[in-house]
Amino acid sequence: MAKRIIYNENARRALEKGMDILAESVAVTLGPKGRNVVLEKKFGAPQIVNDGVTIAKEIELEDHIENTGVALIRQAASKTNDAAGDGTTTATVLAHAMVKEGLRNVAAGANPIALKRGIDKATQFLVEKIAEHARPVEDSKAIAQVAAISAGNDEEVGRMIADAMDKVGKEGVISLEEGKSMTTELEVTEGMRFDKGYISPYFATDTERMEAVLDEPFVLVTDKKITLVQDLVPILEQVARAGKPLVIIAEDIEKEALATLVVNRLRGVLNVAAVKAPGFGDRRKAMLEDIAVLTAGQVITEDAGLKLENAKLDMLGKARRITITKDHTTIVAEGNEKAVKARCEQIRRQIEETDSSYDKEKLQERLAKLAGGVAVIKVGAATETEMKDRKLRLEDAINATKAAVEEGIVPGGGTTLVHLAPELSNWAAEHLTGEELIGANIVERALSAPLRRIAENAGQNGAIIVERVKEKPFDVGYDAAKDEYVNMFDAGIVDPAKVTRSALQNAASIAGMVLTTECIIVDKPEPKENNPAGSGAGMGGDFDY
């Protein structure tokens, strides 16, 4: 495939053009009075969104070079989304402002490498300052404020997420599901819950609700497939003598063994229920070990030299109550805190050591099931389009609250960045010289871009509002929803420090890369063939096949 090569100013200008298009599409959503963007979908109804990274992912331009610019700035948004889960629009607006300002200086003859060094040093200074100004999140009121702002000023959502965080703790997991009703509901599960139900509906003890509820049961955990009932007979006899119910968690139970269990259950000889083991492969083994730790039992596995036919009562776990439906199993156990704590600590260390975000997420889920609990928010809405929009907003809100708990909160609405601009200016004048100083000044001028855009989206003059905010104390900023200057902490307009920091770092990184670009190589567009009219081969020429 032939390539097109563009050098110097032309290359940078083409990138800038693509960035302008993307930044404008994303920036319209910024702030409490930001608008929505409608995305056409190949199948199904159009999607209405207010989420920066979702919009950025949709934009593809015809011109390959401009499209490269789009891809670069999109990276700033998605990297921020990966790191903090929110702040994607801010990252896009910041990156765009830095590139605009920087290109002006490069065109005037400044050295891009020196500018990049200045940008990097300024960013490092600002990151330290953001950490200094961050306040730790102590109460659920602050969590509710962060969540409400992130969900588009929805206080009800804020309260719901704060409530969920309260119930499941910092280690807990809050997941989203599409609800069946118009209202958004919160459901918190006590104990460990996994997505496997009973193997046979005959195990249900409550036929009306089709669930099996076993109080004070023994728990047999094994990673092997149970094929012969003879393997189970010794342990079943011991459990029957003890007069307690039994829950079997195994890879699978073949028909013959299953039939025997069902017959015993129906005749009332033994109250028993069987569940397939959750997960796959190594993850299944780890989850079975988690269940064994929680219930103070052992995993009966040949890896440890244990066989089912030799199993003793003291190898079985005990639970306070186990509830099994056709889709999931919930184990509520108590009294084994020490072992559970040690297991949680082990999982935490694994989380710190792993680089894969997927593994991190799965380990976090395991930790939540052991330590805190799991909250499910069922998102309700009148139409599917609204449901998707709400789900995206809620996702942002959950991520923002987690980020706030990690690194604390700072004044929101672009205020922190505007107040840090004079501090950066003074520091740069003292510590930097020449073109590095110009690089720091590029960052300093870009810091006001998010607030300026928030004000413009609210129909105000952005430049005037930025100047007025600069004159006020650090915690005071502009509330675009009410059009007044307020203490941002008192008004509940706060951002997680992690979100502000990630947006700034990723914007500076992309800006530095664009400014130091001297040449672009892209595919040459293929010439379009002009088919003579009506030359559709055999079938009607109007259709795409």
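Cβ from N, Cα, C; glycine included.
As annotated by Swiss-Prot, ATP binding site applies to THR29, LEU30, GLY31, PRO32, ASP86, GLY87, THR88, THR89, THR90, GLY413, ASP479, ALA480, ALA481, ASP495, with the evidence given as sequence analysis. The DSSP secondary structure for ASP479 (ATP binding site) is strand.
Look at Swiss-Prot and you will find 535-545 tagged as compositional bias 'Gly residues'.
The annotation region 'Disordered' is assigned in Swiss-Prot to 525-545.
Just so you know, the Cβ of THR88 (ATP binding site) picks up 30 other Cβ atoms within 10 Å once every protein chain is counted. Its Cβ taken as reference, ASP479 (ATP binding site) is surrounded by 20 other Cβ atoms within 10 Å in the chains shown.
Counting other Cβ atoms within 10 Å of each Cβ, the lowest count among the binding-site residues THR29, GLY31, ASP86, THR90, ALA481 belongs to ALA481.
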